[in-house]
Amino acid sequence: MNMKAMHKDFWMEIRKSKARFISIFMIVALGVAFFSGIQASSPDMRFSGDAYYDETNLMDIKVMGTLGLTEDDVAAIRKVDGVENAEGAYGTDVMCGEGEKQKVLHVEAVDQTMNRISVTEGKAPEKSGEIFLDCIFAESNGYKVGDQITLKEGGDSELLKKTDYTVVGLGESPLYISYNRGNSTLGSGEVNGFAYVLPEDFDQEVYTQIYVQAHGAQDLISYTDAYDSLIERVQERVEGIEAERCQVRYDEIVEEANDKLADARQELEDGKKEANEKLADARQELEDGKKKLKDGKKEYKDGKKKLADAKKELEDGKARLADAKKELEDGRSQLVSAKEQLVSGRAQIASAKEQLNAGWAEVSENQAKLDDGKAQLEDGKNQLSAGEKQIADAKTQLTQSQQELDNGKAQIQSGREQIAATRQDLNAKKESCNQGLAQIEQQEAELAEGEAQLEGARSQLAALQAQYEQAQASGTYSEEDLAALAAQISAYQEQVDSQAAQLEASRNQIAAARSELESGLSQVESGLAQLDAKEAELNQQEAAFPDAQAKIDAGWKEVKAQEKKLEPARKEIQEKEAQLESAQEQIDAAKAKLNSGQAQLEEKGAELASGEAQIRENEGKLASGEKEIADNEQKLRDGEKEISENEQKLKDSRKDIKKAEKDLEEGKKEYEDGKRDAEKEIADGEKKIQDAQDEIDDISMPEWMVTDRNDLPEYSDYGDNADRMRSIGQVFPVIFFLVAALVSLTTMTRMVEEQRTQIGTMKALGYGKYAIASKYLLYAFLATVGGSILGILIGEKILPLVIINGYGIMYKGMMNNIQIRYEFKFAMIAAGAATVCTVGSTIFSCYRALAETPASLMRPPAPKEGKRILLERIPLFWKHLNFTWKSTLRNLFRYKKRFFMTIFGISGSMALMLVGFGLRDSIMDIARRQYQELQHYTGTIIDDEDATDKERQELDEFLKNDSQIERYTHVQFTKMSVPRNKSNISVYVYVPENLETFNKDVTLQDRKTKEKYKLTEAGTVISEKTATLTGLKVGDTMTITKNGKNYETKIAAVTENYMGHYIYMTGNVYEQTFGEKPNYSATVFTVKEEYKESESEVGNEILKHPAALSISYTSSLEAQLHRMLGALDTVIIVLIISAGMLAFVVLYNLNNVNITERQRELATLKVLGFYDAEVSAYVYRENVILTFIGVLAGAVFGIFLHRYIIRTVEVDAVMFGRNINPVSFLYCGLLTIGFSMIVNLFMHQKLKKIDMVESLKSVE
């Protein structure tokens, strides 16, 4: 066979069916991209995190000691098996800022080997006094490179040598990969940022922590079991040397304290000697003071005599000054009289001005009224113009309406003519079909005659064969005669076979022609029925014309009536114009009269001005006399001042004498007090020495806290987010891929079925089954493999990058180390599954087709038998449907395979979108529900275990009396564990001291029914997630592990809870369960609503009390949870967009297959006179119905899929919501319907291109 022709046919098939090939290619690419991309996101997140940790050389283990850590401890840890490196570090919490804007900073020493900082601006500290700041803290608090920052340590702590530093750099630290900076005992209880200085800026003899790196840890990937196991083994070995090193540290501290105590004793002896020397000096100072006091009293007596003489001379000067003042008063009286006359003249002028101003005001008022009249007149003119314009517009509109009515009549006439022409064409086609059927009947009669002749020929052939057998048996015929007879029989046999084959072919052609003519006759009848309907519609439109004409005539009458109404308005406007002109003339006359009065008033004003000049001259003379008197008065005042100063000096001298006497007495008293103080200080020193000795005796053995990276803020949360992506990748992409694969499978199956005739032709031509099938297998393989390669290349690069960048909102530092790798395991799974589905379905379809004979393949498959559908059995509904809707419903149920496949594709896409929206609804709402609806308190105070009873009482008094705090209660908040199969769940046992306050702080309720519970003596209340993981219910007995021992308690209720695992119980139930009274070591408090914004300031006041160690705010936990879950927003958006793309591709693919299969049917509709829009509507109706059914089915399927995925992606410590918001159903439904409408627009173009002639050609 010619394989070259086969190859050419293969490439031509791809070119002819580009839409089908591309749709398979794209849907496979989309499915593979989503499957492999989502699956690869979780390992890529781990790789990215691990790359960042390796680049910054992040520690693996942190060791802290209650009494500090020494260089010897560092050396001992370095010797531990499995430890690669260990470095000591300094750190402390400080305050910065002023007043209410004070923030807490955690300051550490720069380490050049581990936990390397990343500089985003500036540089790292290089000399003392330079500081490197947290870039997020700097941005939120307005710090920049070059600024000065002042640090204040809390309490008596002096761990830093300096308080003022210069900011030289901003950046990030691997110890803080997100926004959370940890807790502190300073300020509000929360650390707001971090900072780094050089080690020499710390004034510490011991380290606050030691950072450790495990050997081989950098070769492993963080957040994996291998890494966790390695760190756990090394951590256990480090904890193994704790006892030895703590003993050494204890001995060092006790020895050092004893040495300091000896120094203190010597210092006390030196103090006693110094105090005695100071007391001797004080006694000599008292004797010198007595001598100075005696000399001061003599000087005071001499000054008192000189002051009496000066006072007598001052009294004589005052008498002479009184005479001069009397003469001055007489001149002032005359001047006052002249001024009064001047004032009277001014008053007359002012009165005249007022009258003149009143006249002008009246004129202005009349002018304003006149202007208002003119404005009103102008408005009237405008209204008149508007009325005239409305009348003109109405005339135009009526003229246009009349023209449209005339055009409508013409269109109806044209429509009637078109209907008559179409009816004539259809009747002609009907006659042609009837004639064709008559010819078919005549051909069938001729076929019957041919079959009779064939039977005669077969009888003759049988007679010849019998004659041959007789001749052969008789032996009388020669070999030549027998051979001639045999040749005659063989030739006759060939003629009979040829005639039989011709009759069989004619029979098939006649049957096909009859089927086609009967179908065409049915379509003609349908077309005539539609013409009748259109003719009825035209009659209905024509019946409405008289009413329209009547409305137009009424409109003309209304226009004429309006024109008559405007005539009086024109006359009124003309009259008002005349009135306004007369009023303007009167106002102009009044203005002329006022101008004359103004001139007279100005003449009187000039006369007054002359009088004022004369008064000013007399006032000058009077002022000269006043100045002379003032000079003499100043001399008297100077004399009085000098006397006053001398009197003051005497008083000061008197005071000095009294002060000296007082100082002398105080000196005596101070001497006595100093003597007593010295004796008291000596006694206090002796007591302190004794107290110090008691403290040395009370020093307890130090302890180590050995933690791993999980103790770092947000480190474990990043791993949890990667686990959530893994959980999502185990379910969501599988459903996504399944929908895509099944649609591809359907497309290839339809393609093989569509090309039955071509397969039969090739088989008849002698091509082998493998050669024929290879065309379709290679077609499917090429589209699938090409789509898989594109999906892998794009999906495993773009989707993980988008998702990880989404988490970059929280983990900014890691964004420079994003590691996107190709995960070939997921790529091969996705590509293999796609290939198996598509190629496998093609093999099955080809095998089924190639099993038939060429003749049956070349014949078109018999049309599916039409059956009555269920809706036809409901006459009340069915008889009200028109022909088009009946045909649509029959087609839907006729092609059941397409019906269910379309619904499956749409419902699957709808369900996937609904899951995306539902995940957002379930996840993003839990922070609000947990910390606003269930837990209502503001914060939790962790009490200092070393606080005294008095300090605890002072804290209680503050909480009780502070006006900003609404309520508080003491609680026991202890971490314990509950067995779960072979592992344990960490739970928090919450025991309130005051149940009344607890009922306000915590809401206990059933999540579904919202039934409220009370904490009673009947048993414990556990959170819903805890009950789900342990399989326990109300009435069961729960086992709680505390300090390695198991205790049992009865479950009274299961409460709604989303974050963590809680067990609530009363104090009595706790005592009954554990055999001991609860230790209320924490306090929950609630700030009044009006002070919610200043809760940090309240926390600052609380932490000033020694009994309060730290505070945890629920608002901070809520904000942290919002940030953590907010990063999932990007993931959810990716899911929604991908599901939307899948919906579009699925709808396009299925509609494309549908139209390709039904080209002959749709072409027939065009032949019958259907317009393109009507043909499209014929198909659209089916799509719309299937879309609505798919949306409803997808909503139901999406609810169950959402619940399954929610349970899958949950981590043990969190419970997500279980409900989908109603608006999410609306969004998903509208998106799916929107995609369906867009696909319909694309399909409309394809429907317009259907060629009626080509599509109606005989398949033979």
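From the backbone N, Cα and C atoms, a Cβ is placed for every residue, glycine too.
The region 'Disordered' annotation in TrEMBL covers 394-426 (among others).
Residues 534-535, 538, 541-542, 545, 548-549, 551-552, 555-556, 559 of the same chain lie 6 or more positions beyond the ends of the compositional bias 'Polar residues' (396-416) yet place their CB under 8 Å from a CB of it. Feature annotation from TrEMBL assigns compositional bias 'Polar residues' to 396-416.
Residues annotated as region 'Disordered' in TrEMBL: 589-692 (among others).
Per TrEMBL, compositional bias 'Basic and acidic residues' is recorded for 614-691.
For 731-752 (among others), the entry in TrEMBL reads transmembrane segment.
What TrEMBL lists as domain 'ABC3 transporter permease C-terminal' is 731-852 (among others).
What TrEMBL lists as transmembrane segment is 773-792 (among others).
The annotation transmembrane segment is assigned in TrEMBL to 798-814 (among others).
Sequence annotations record features per position, and here TrEMBL assigns transmembrane segment to 899-919 (among others).
The annotation transmembrane segment is assigned in TrEMBL to 1125-1148 (among others).
Under the heading domain 'ABC3 transporter permease C-terminal', TrEMBL lists 1134-1249 (among others).
Annotated transmembrane segment per TrEMBL: 1184-1205 (among others), in sequence order.
Here TrEMBL flags 1225-1243 (among others) as transmembrane segment. Within the same chain, residues 906, 909-910, 913-914, 917, 1140, 1143-1144, 1147-1148, 1151-1152, 1155, 1176, 1179-1180, 1183-1184, 1187-1188, 1190-1191, 1194-1195, 1198 sit at least 6 positions outside the transmembrane segment (1225-1243) and bring their C-beta atoms closer than 8 Å to a C-beta of that stretch.
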Composition by DSSP (helix, strand, coil) of residues within the domain 'ABC3 transporter permease C-terminal' (1134-1249): 98 helix, 1 strand, 17 coil
Other parts of the chain folded back onto the transmembrane segment (1184-1205), taken as Cβ under 8 Å at six or more residues beyond its ends: 728, 731-732, 735, 888, 892, 899, 902-915, 918-919, 922, 1147, 1218, 1220, 1225, 1228-1229, 1232-1233, 1236
Per-region confidence, the domain 'ABC3 transporter permease C-terminal' (1134-1249) (mean pLDDT, whole number): 82
Residue numbers, six or more beyond the limits of the transmembrane segment (899-919), whose CB comes under 8 Å of its CB atoms: 732, 735-736, 738-739, 742-743, 746, 892-893, 1128, 1132-1133, 1135-1136, 1138-1140, 1142-1143, 1146-1147, 1149-1150, 1154, 1186-1187, 1189-1191, 1193-1195, 1197-1199, 1201-1202, 1205-1206, 1209, 1220-1221, 1224-1225, 1227-1229, 1231-1232, 1236
Per-state residue totals over the compositional bias 'Polar residues' (396-416) - DSSP helix, strand, coil: 21 helix, 0 strand, 0 coil
Three-state composition of the domain 'ABC3 transporter permease C-terminal' (731-852), taking helix and strand from DSSP: 105 helix, 0 strand, 17 coil
